[in-house]
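Below: one structure, written as structure tokens.
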Amino acid sequence: MRIAILGRPNVGKSSLFNRLCKRSLAIVNSQEGTTRDRLYGEIRAWDSIIHVIDTGGVDQESTDRFQKQIHQQALAAAEEASVLLLVVDIRCGITKQDEELAKRLLPLKKPLILVMNKADSQQDLQRIHEFYGLGISDMIATSASHDKHIDLLLERIRQIAQIPVPSVEEQDAVQEDELPSEEAAISLHAFADETLFENESLSQEEASFLEELVAQTATPAPVDRPLKVALIGHPNVGKSSIINALLKEERCITDNSPGTTRDNIDVAYTHNNKEYVFIDTAGLRKTKSIKNSVEWMSSSRTEKAISRTDICLLVIDATQQLSYQDKRILSMIARYKKPHVILVNKWDLMFGVRMEHYVQDLRKMDPYIGQARILCISAKQRRNLLQIFSAIDDIYTIATTKLSTSLVNKVLASAMQRHHPQVINGKRLRIYYAIHKTTTPFTFLLFINSNSLLTKPYELYLKNTLKAAFNLYRVPFDLEYKAKPARKSN
């Protein structure tokens with residue numbers, strides 16, 4: 001079931017959307033036209049999921065150059081949804097825009113609820129009768145900003161969706177089911193069955209230390225869900241155009257003006273029976289170029305999108321030099337340790353430029369580019385777009401492959417035999433055991449005798465060895481260490 005939230009600008013649609021979804025997904029600001037594209041969220045209640053669509057404010061009299069596209073996006077959401085919420089400002093009474101929207105929505109013959117928002121006081125509630133003239137019989141007064149009567153709206157939605165209310169017994173059963181079972185726990189390879197790096201036997205103290213650490217490093221099984229892919233880049237490089245070209249529909253509003261996209265827009269798409277969620281983000285700009293609070297919130301949400309995505313697609317403009325902002329985004333992606341692909345958009349404008357020479361030169365411009373996959377594409381001409389899916393799938397397969405503990409130990413044991421650690425104060429680094437701890441982020445855990453015996457050059461040597469052995473050139477990964485506790489002196 002899908003619910004579309006519609007209304008003229010600045011009536012509190014995004015505030016209501018955030019309340020229903022119980023997350024701050026949409027930017028809320030007193031500036032009209034803050035929301036432009038369709039935003040998707042979820043109501044998770046009654047052991048069910050209801051999809052919610054937030055839309056931009058519809059005002060046919062507005063001179064905003066985006067208004068036509070906002071209007072089209074809102075009507076598309078109304079067609080897509082099975083239940084409609086028309087949001088009005090109870091303090092303003094019925095406006096011409098409210099009347100026009102009601103006339104548009106009533107003929108759709110879908111359940112339609114009039115949400116009289118901003119009913120913050122008893123005096124506001126006395127104006128309910130004014131809205132009977134819209135011809136909508138299902139009416140609820142709310143205050144999204146103060147969380148008033150949202151429960152009544154949710155109950156009405158439940159009734160329309162015909163979702164039964166779970167009994168007390170069923171709720172208790174659900175809570176018990178959420179507890180992890182012994183069968184669901186993921187156990188590591190038994191410590192006793194693995195070959196240690198050195199032939200010398202462990203002391204009882206070392207064996208107890210290692211066995212306890214291994215028991216604490218169980219890794220949860222991967223979640224079966226759509227792959228999240230965020231398109232990141234500075235304004236006006238064509239992020240929204242790429243999504244529209246991939247989906248073959250005008251899903252995101254595009255314009256030549258930087259800053260057109262403000263919210264992070266999640267767009268679900270299925271390709272070759274694989275599910276993806278593309279996250280269209282606002283362009284990151286230099287701090288001094290951010291002119292208002294809406295742009296500041298958009299930029300902060302771009303960083304949040306990087307933190308929650310599985311793979312980043314950094315979009316750059318082929319006609320421009322790699323900018324300071326591009327390099328800043330690359331460092332941000334590296335900081336969050338996200339696998340990434342670089343999309344060089346607007347390649348149709350690069351007349352007479354050899355692609356391989358361009359890619360070689362691009363790799364020299366920033367160390368964070370490294371061995372990242374680089375695709376030269378054209379959203380306008382739909383050139384090389386299908387390569388995006390293969391690049392995403394290839395890197396995600398590597399990034400989510402759980403490596404065998406036995407294989408990790410053999411690779412590191414071989415590395416230590418080829419190049420022994422240096423002796424420091426009469427002692428040498430020992431690696432007792434190693435595991436592939438997690439895939440998100442990709443992390444190896446090494447159990448060692450002492451952190452003080454691990455030098456930076458040797459750590460880099462181990463990291464390069466693992467990178468080559470497991471083809472991790474395009475997957476950021478970390479090495480973590482657990483050192484044996486120092487002996488207590490008597």
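All positions are counted from 1 along the displayed chain.
Glycine too: its Cβ is placed from the backbone N, Cα and C atoms.
Feature list (source: Swiss-Prot):
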BINDING   7-14, 54-58, 117-120  GTP 1 binding site
BINDING   233-240, 280-284, 345-348  GTP 2 binding site
DOMAIN    1-165  domain 'EngA-type G 1'
DOMAIN    227-400  domain 'EngA-type G 2'
DOMAIN    401-485  domain 'KH-like'
Smallest Cα-Cα separation from Gly7 (GTP 1 binding site) among the binding-site residues Asn236, Thr281, Trp347 is shown by Thr281
Per DSSP (helix/strand/coil reduction), Lys239 (GTP 2 binding site) sits in helix
Mean pLDDT across the domain 'KH-like' (401-485) comes out at 91
Argmin Cα dist to Trp347 (GTP 2 binding site) over the binding-site residues Lys13, Thr55, Ala119 returns Thr55
Among the binding-site residues listed as Gly233, Asn236, Lys239, Thr281, the Cα nearest the Cα of Ala119 (GTP 1 binding site) belongs to Thr281
Simplified to three states, DSSP reports Gly7 (GTP 1 binding site) as strand
The binding-site residues listed are Gly233, Asn236, Lys239, Thr281; by CA-CA distance, the one closest to Asn10 (GTP 1 binding site) is Thr281
One finds that other Cβ atoms within 10 Å of the Cβ of Ala119 (GTP 1 binding site) number exactly 24
Nearest by Cα to Thr55 (GTP 1 binding site), of the binding-site residues Gly233, Lys239, Thr281, is Thr281
Under a three-state DSSP reduction, the secondary structure at Trp347 (GTP 2 binding site) is helix
Expressed in Å to no decimal places, the gap between the Cα atoms of Thr281 (GTP 2 binding site) and Lys13 (GTP 1 binding site) is 20
Simplified to three states, DSSP reports Val58 (GTP 1 binding site) as coil
Here the Cα-Cα span from Lys239 (GTP 2 binding site) to Lys13 (GTP 1 binding site), rounded to a whole number of angstrom, reaches 25
Expressed in Å to no decimal places, the gap between the Cα atoms of Val58 (GTP 1 binding site) and Gly233 (GTP 2 binding site) is 28
